[in-house]
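Undergrad: Here it is, the structure in full.
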Amino acid sequence: MKKLTFLLLCVLCTLSLQAQKQFTLASPDGNLKTTITIGDRLTYDITCNGRQILTPSPISMTLDNGTVWGENAKLSGTSRKSVDEMIPSPFYRASELRNHYNGLTLRFKKDWNVEFRAYNDGIAYRFVNQGKKPFRVVTEVSDYCFPSDMTASVPYVKSGKDGDYNSQFFNSFENTYTTDKLSKLNKQRLMFLPLVVDAGDGVKVCITESDLENYPGLYLSASEGANRLSSMHAPYPKRTVQGGHNQLQMLVKEHEDYIAKVDKPRNFPWRIAVVTTTDKDLAATNLSYLLGAPSRMSDLSWIKPGKVAWDWWNDWNLDGVDFVTGVNNPTYKAYIDFASANGIEYVILDEGWAVNLQADLMQVVKEIDLKELVDYAASKNVGIILWAGYHAFERDMENVCRHYAEMGVKGFKVDFMDRDDQEMTAFNYRAAEMCAKYKLILDLHGTHKPAGLNRTYPNVLNFEGVNGLEQMKWSSPSVDQVKYDVMIPFIRQVSGPMDYTQGAMRNASKGNYYPCYSEPMSQGTRCRQLALYVVFESPFNMLCDTPSNYMREPESTAFIAEIPTVWDESIVLDGKMGEYIVTARRKGDVWYVGGITDWSARDIEVDCSFLGDKSYHATLFKDGVNAHRAGRDYKCESFPIKKDGKLKVHLAPGGGFALKIK
């Protein structure tokens, strides 16, 4: 009997193996591999240098007709390709990027495909619909299964009720990171992307997505009793009502029983697992940009990245003037004068220039003569950017864009979307296209992480989806912004530019910070704020403080004003997630190097071998000897430097340094 049972088991195992098909795809350097298994379900795994870091993880898509792409799938064909090309990357961390991968397409009966790509620093896949009949996507499974109880650094959704995921889908995508074992992650809270899992031995896995057009964004949740992160998507809105912040949002009151509508052949978003063996390689990955759809714009000549003098963070505070400051023409003329004197490209009119609670951007408050401000700014070679709440912009988008473009406005900062369901991600692309039509740049605030849109529409220069410096207006000292700063280059910035809004001139050493809405400060040192203009990527980059504070600090201000916001080349020289990072960036023949640390004092050695074979002159801003007590303390010094030089810099707790080499 035992012999018969054994034989039957052998036969069943043989039949099961015969029913399964497996395909292996390796990165160009051979270090990363994924094995895709087609059987009762569709799974893939990832190995790095022969070690499995992602165990077979299921992927599928359930349609409203009952079809499940990924269950008992019938393969109809395969194709492979290898690509090694340079692509243009305007208004980014480098002027061009290498797109180097091996690809595998699996074609299935019933008009659907799955495409896999293996890069040297990650594995990505996406579903593709080839059919012409419309349908609804009920659910998509994009789970991540790990071989052990690894440590993850995740941003939880802050809004909504515990366990009520539908209430959590309305959120601002802003939070610090929680680091814990997979088994100890909060199962009542959604996690938004990107997030990082530490696979040990230096290997980290950053999960994100790209080409997120007209499809809901991906969230993950912790699974009970498994080393697994499970996928979640916001359902399609069934009923929305105007409300939220100053009546500028559309609140979802009822949901459909599906997540997306599909009415034609299309590509679905790329699911990306960035996999690197060093933290500095993680911070340097370009996969989110590379996997965005190519540019749909032919003329980019009018797009002008740059810095912007910002009003809201400093609460329109000026001193030494003979008028009452606030949302009025005299205040904005002072901001324009400051921008012009320092070569700052833009001034933004943040919330307050349009009549409150009307959600109508054609109604301007009586204290503002917008045409006069636009003309005054133009006479001083400064562009005007207008803030707009989501609903006010969306409801009359073309008229708003046409009217203000004709007036001479240069772009919009659109805020308070706070959703990433299919309706909202479709809006992002429509807004980008409409702004491009009228030659307007776009900053998407109050939105999710970048996911390839800035490649498809390069006029979209920045995205929020980051727990930026605005949080220091109200956050308690228990919020460790300094720690967060040395996490985001390895997590949030993996997905693209960040509207972090640095540049504070009031700088608090540890223990001295307190929230102040009208006269806010940063955590950490002055030189940290300077360094953030190099370490963080923001093609449209705010100067958050008041012109009055900048004019009291001319040396720091002049240095900030000359730092480019887009680059020809970027190199992450060194770094460890959560501790420190040092980044070098080149524009033309000039290099900038920025470094920041956590609350630990640190001695950094900068290897200058990235320089060319000639002599250079360096200007260094470094923490002063008393920066551990007074965050504003710094020292500026100049000296010659060569390619074979090594520069040693001491960073105070919460400190940083910024270096210009030319």
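Note that Cβ sites are derived from N, Cα and C of the backbone, with glycine treated the same way.
In case it helps, Swiss-Prot gives these features for our protein:
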{"type": "SIGNAL", "residues": "1-19", "note": "signal peptide"}
{"type": "BINDING", "residues": "Glu174, Glu464, Glu470", "note": "Ca(2+) binding site"}
{"type": "ACT_SITE", "residues": "Asp415", "note": "active site, nucleophile"}
{"type": "ACT_SITE", "residues": "Glu470", "note": "active site, proton donor/acceptor"}
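How buried are these features, and what lies next to them?
TA: For Glu174 (Ca(2+) binding site), the same-chain residues 6+ apart in sequence whose C-beta sits under 8 angstroms from its C-beta are Lys158, Glu464, Gly465, Val466, Asn467, Gly468, Gln471.
Within its own chain, Asp415 (active site, nucleophile) has Leu248, Glu351, Trp387, Ala388, Gly389, Tyr390, His445, Gly446 as residues 6 or more apart in sequence whose C-beta sits under 8 angstroms from its own. According to DSSP, Asp415 (active site, nucleophile) sits within a strand segment.
When secondary structure is read from DSSP and collapsed to three states, Glu470 (Ca(2+) binding site) falls in the helix class.
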Undergrad: Minimum Cβ neighbour count within 10 Å among the binding-site residues Glu464, Glu470: which residue?
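TA: Candidates: the binding-site residues Glu464, Glu470. Fewest Cβ atoms within 10 Å: Glu470.
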Undergrad: Given the Ca(2+) site residues Glu174, Glu464, Glu470, which other residues of that chain have a Cβ within 8 Å of the mean position of their Cβ atoms, reported in sequence order?
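TA: Result: Ser172, His445, Gly446, Gly465, Val466, Asn467, Gly468, Gln471, Asp499, Thr501.
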